[in-house]
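Asks: Pasting a structure below so you can have a look.
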């Protein structure tokens, strides 16, 4: 830690300014009030598109960084309000329209539902049989599982949460108005990164985790222990009363009584004194390090989860005391940056990270780019953990929920990562000043961009040719009836030896490199089969030639996505083709009528193209996951202990040819969605077709030029004039950029909704 002389500290001073800027609906009610040109109202139909494009582009409203910062800050509260309203809706559906109590009583036979369709023209057919006499639409969001984990035992508690979330939404809206219109932070408050780090690390993440650990220990632990005992058929006794159902479980506030908790976890009876005396072992019964899964629920041990949150809290509270604020001790982010000079051989940047601190504290786009890339990656990591280390009770045997959560977190991650590239490019165009980045690391990367992009392009060609080449070879050999010459586990075997090594290393860790763990980190890593209610919750995942091949397709598609996005960022300001690109802005269709062959070079166009490859890449990821799990993990356990998998282990043989992917995965698993009419999954059949239409509709925007439509519009306007019904607002064709934006939006919406219908209709029937 850098200990500095006392004078390096700064006196605390007010970082907030009283503002007299009343929130008036007269202003808000005027469309385009934020832009002088838009405020005049529409003359042509282009106005409404520009309104959408610029409403949230605060940079375009004002160049005052403090004003932009305040608007972003205020908008965050608005965003939180929307999130609380959305949460309230989820809680309300659970309280009012769900079979939550029925599911709690028998989670392995009752399916979760929180929506009942009203009969108007026959759509009550969508209310499927959920078990225990309840008919509704099956939900796949994992809400019931997470609510049980929180310790919620009744619909009444969900209704209280629904009301509480609305109250929070009101508070957030109030805060958003207050901190912009009444009392707004000054620019230096937004740029005080050390204070922000301390508060976010120690407060938000540290104390947040600690308070959550408190909830887990005092509410979740007792409730889940009692619920697990009921589900195992061995109910526990509290104060002489047998807890035989969820209704018998004491309410959360009753667990304030330490004696009640101590009957379940004696360690809690030792109170706080054991903590201060160093006798931490006393807490070993409720802060555990077991590893593996709870055999009753197929989920991580709640005592492990509580321990995890205590540990996270300690780490982040310590981390939140590392940065120098008003006292003269701790790290300075600026000094850390400027202390990094780069490796003289590998990366000679004489000025290291000089200038980056200023860039990151004056460019919100640069800050957002880093955060989106990190959060997107984190979302994709969460997707992997949902099945490898299922945290919530019975979620691992609810296969529709498992596919739903994996797919959701993968898509979200992809969109956030593309967003990271978008904002990095905007930062380069709008906020980057070359004079402030001479020979620092960013400047050196830009100078080396040709080498970086050409090498990355070579990697993409190599990966694409070889990974796809393996499939082409296999299809050819299978077509010619030569299975002995195919790449497969039986013929020419290519084993993923590094992945298998990692699996073995994890499996061997418990009791050796992790001496205190009782079981491995995940059953997926060469563990054992965990069955709950006769269904597989987790099992070791065998990896072979088929996995090796599709993994390299993943490597190929991810690298192409990175190539497009990184090229957009590195060439956002200039290129050999268009040296003055920075003057043309973030989005432009072509470099003027005088220069042909300069279309799709703007940074925006790279984001546009990157989205297609992101979609392409992640479609294969979710298809791989869905098929692999159904083939090799999920299924029912027979009386002799053997497992009957959903697709009978066909992945290893079928996934090694393109024809196999089409025939044995896409076509075979589309049976349910195509045959869904007349059943409770028929909505997915209609959605499957409707989403295909939306996807196809996008091609109309992507495959045609603006001039075609402008010509058509002018003839239609002529006809209107003839009939004396000409509109006051002049119709205009979409601009080239607007057409691409509409096209990619429908392409992604159609593609994702098609996949949603395909997955759901299949897994709800067979899972």
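Cβ coordinates are placed from backbone N, Cα and C, and glycine is handled just like the others.
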Asks: Which stretch, out of 122-146, 197-221, 222-246, 247-271, is listed as transmembrane segment by Swiss-Prot?
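Replies: Transmembrane segment, as annotated by Swiss-Prot, spans 197-221.
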Asks: Transmembrane segment per Swiss-Prot: which of the ranges 28-51, 340-363, 364-387, 484-507 is that?
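Replies: So the range that Swiss-Prot calls transmembrane segment is 364-387.
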Asks: Provide, as an integer number of angstrom, the distance between the C-alpha atoms of residue 700 (chlorophyll a binding site) and residue 692 (chlorophyll a' binding site).
Replies: 13
Asks: Around residue 590 ([4Fe-4S] cluster binding site), how many other CB atoms lie within 10 A of its CB?
Replies: 17
Asks: Can you tell me how far the Cα of residue 590 ([4Fe-4S] cluster binding site) sits from the Cα of residue 708 (chlorophyll a binding site), in Å?
Replies: 17
Asks: What parts of the chain pack near the transmembrane segment (197-221), using Cβ distances under 8 Å and only residues at least 6 beyond its ends?
Replies: 149-151, 252, 255-256, 261, 264-265, 268, 286-287, 302-303, 305-306, 309-310, 312-317, 319-323, 325, 333
Asks: What same-chain residues, at least 6 away in sequence, bring their CB to under 8 Å of the CB of residue 709 (phylloquinone binding site)?
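Replies: Once residues fewer than 6 apart are set aside, residue 709 (phylloquinone binding site) is near 733, 734, 739.
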Asks: Examine the transmembrane segment (403-429) against the transmembrane segment (606-627) and state whether at least 3 Cβ pairs sit under 8 A, considering only residue pairs 6 or more apart.
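Replies: Contact between the transmembrane segment (606-627) and the transmembrane segment (403-429): present, because at least 3 Cβ pairs are under 8 Å.
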Asks: For residue 599 ([4Fe-4S] cluster binding site), which DSSP three-state class applies?
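Replies: For residue 599 ([4Fe-4S] cluster binding site) - judged by DSSP and reduced to three states - the answer is coil.
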